[in-house]
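A short write-up of the structure that comes next.
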Amino acid sequence: MRTIGLMSGTSLDGVDAAYVETDGERIDRLGPSVTIPYPSSLRRELRALLDAAPALHDEGRLAEPAVLEAARRLTEIHAQAVAKLNRPADLIGFHGQTVLHRPAKGPGQSGHTWQIGDAALLARLTGVEVVHDFRSADVAAGGQGAPLVPVFHRVLAESLPKPVAILNLGGVGNVTWIGPDGELVAFDTGPANGPLDDWARRSLGADYDRDGHLALAGSPDGAVLGRLMAHPYLDTPPPKSLDRLDFDAALREAGAGALSPADGAATLAAFCAVCVGAAARHFPDPPVQWLVAGGGRRNPALMKALASMLEAPVRPVEVAGWDGDALEAQAFGVLAARVARGLPLTFPGTTGAPHPLTGGRRVPAYA
Ligand SMILES: Nc1ncnc2c1ncn2[C@@H]1O[C@H](COP(=O)(O)OP(=O)(O)OP(=O)(O)O)[C@@H](O)[C@H]1O
Ligand SMILES: CC(=O)N[C@H]1[C@@H]2OC[C@@H](O2)[C@@H](O)[C@@H]1O[C@H](C)C(=O)O
């Protein structure tokens, strides 16, 4: 199948689109990819929506005008990304924008995950069948609904020495550990760029701390870091996943807000690495190497903190010949093909699904 994967991540920086030829099990060709950054006004709208989402959800106000308007703007930019790729496609994998993620906390409890985006509008604008809503079926079955990329990571990493750990540093961090027989252990590690971006906005008035300049100018605060390290998420065994804002209260309570701009950034970078170090304790065996994808691999402060925290070499995924900016978008092309073929997206080792589960919903192409 000729697929286009579309991912709008928790960093809210833009949409990534990638062309992939795949049957969902193998990759025949990884084609071009593009990113369309969101205008600042849409970033602000989405960031406000993340804050408002818990109340909107709890009050059943999912179709508020502000939500529909953000979904429409987001979807139109996704359609622009598809047009920019300019490749004939059979299927689009449309993740949408997560505004709230609250998987079930325990057996018998119900959870929910909310991605905004108008799949019918995207199908109309592109003339291509759209697969969307990749996470709900898993959450409804008691899974975490995230992460979803591990099954794609396994295809990519087929010929690499095992065990290997693939770390994505987006707004939130997530890791996939792949064992010698293709076993998967995957989960969200902790906050990554999300709090760093919020900090950069507050202290620099910038979207992010470019090249980690601010963090590299400071030092991690031992007391704040010590309080953060005691967060129960770190020791909780997988499966586990996070909302983009899950650590905000803990960061406030730990006193991060009182630090100087540089020390605050250094502390947040160090904490991201501490979370990854804690994640490694949940692996069945230590990985021979860490391959890092996502925007965080461009932040030298994060990469330095990771290298000093982890025992195996830590390198950007480009050393394996992959494109660390396109990986998640590529994954949603492959996942769309898996949905079309009824193949599982999630597994006991990834989301804690009770058994391998398919998911997603399909909107046919409009003529
Ligand atoms: N040169 C750079 N220096 C520092 N940080 C950078 C740089 N380039 C990108 N980033 C960080 O990477 C972030 C974007 O990462 P990415 O695109 O992987 O996130 P995402 O796909 O939105 O997130 P997620 O994986 O959580 O869905 C930016 O918000 C920024 O924090
Ligand atoms: C609920 C949600 O959107 N989660 C994202 C987020 O961003 C990174 C991390 O948290 C990961 O669990 C997931 O994204 C990737 C694409 C995934 O599902 O594999």
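Positions of Cβ are set from backbone N, Cα and C atoms, glycine also.
TrEMBL labels come from automatic prediction, so no person has curated them.
The ATP binding site feature in TrEMBL is assigned to Gly9, Thr10, Ser11, Leu12, Asp13, Gly14, Val15, Asp16.
With a cut-off of under 6 Å between the Cβ and any atom of ligand 1, the binding-site residues Thr10, Gly14, Val15 reduce to Thr10.
A simple way to gauge crowding: the CB of Gly14 (ATP binding site) has 19 other CB atoms within 10 angstroms, across all the protein chains here. The binding-site residues in question are Thr10, Ser11, Asp13, Asp16, and the one with the fewest Cβ neighbours inside 10 Å is Asp13. Fewest other C-beta atoms within 10 angstroms, among the binding-site residues Leu12, Val15, are seen around Leu12. Contact annotation for binding-site residues (Thr10, Ser11, Leu12, Asp13, Val15, Asp16) versus ligand 2: Thr10, each with CB under 6 Å from a ligand atom. Taking the centroid of the Cβ atoms of Gly9, Thr10, Ser11, Leu12, Asp13, Gly14, Val15, Asp16 as the ATP site, the other same-chain residues with Cβ within 8 Å of it are Met7, Ser8, Tyr38, Gly170, Gly171. In the three-state DSSP scheme, Gly9 (ATP binding site) falls into the coil class. Asp16 (ATP binding site) carries a strand DSSP state (E or B).
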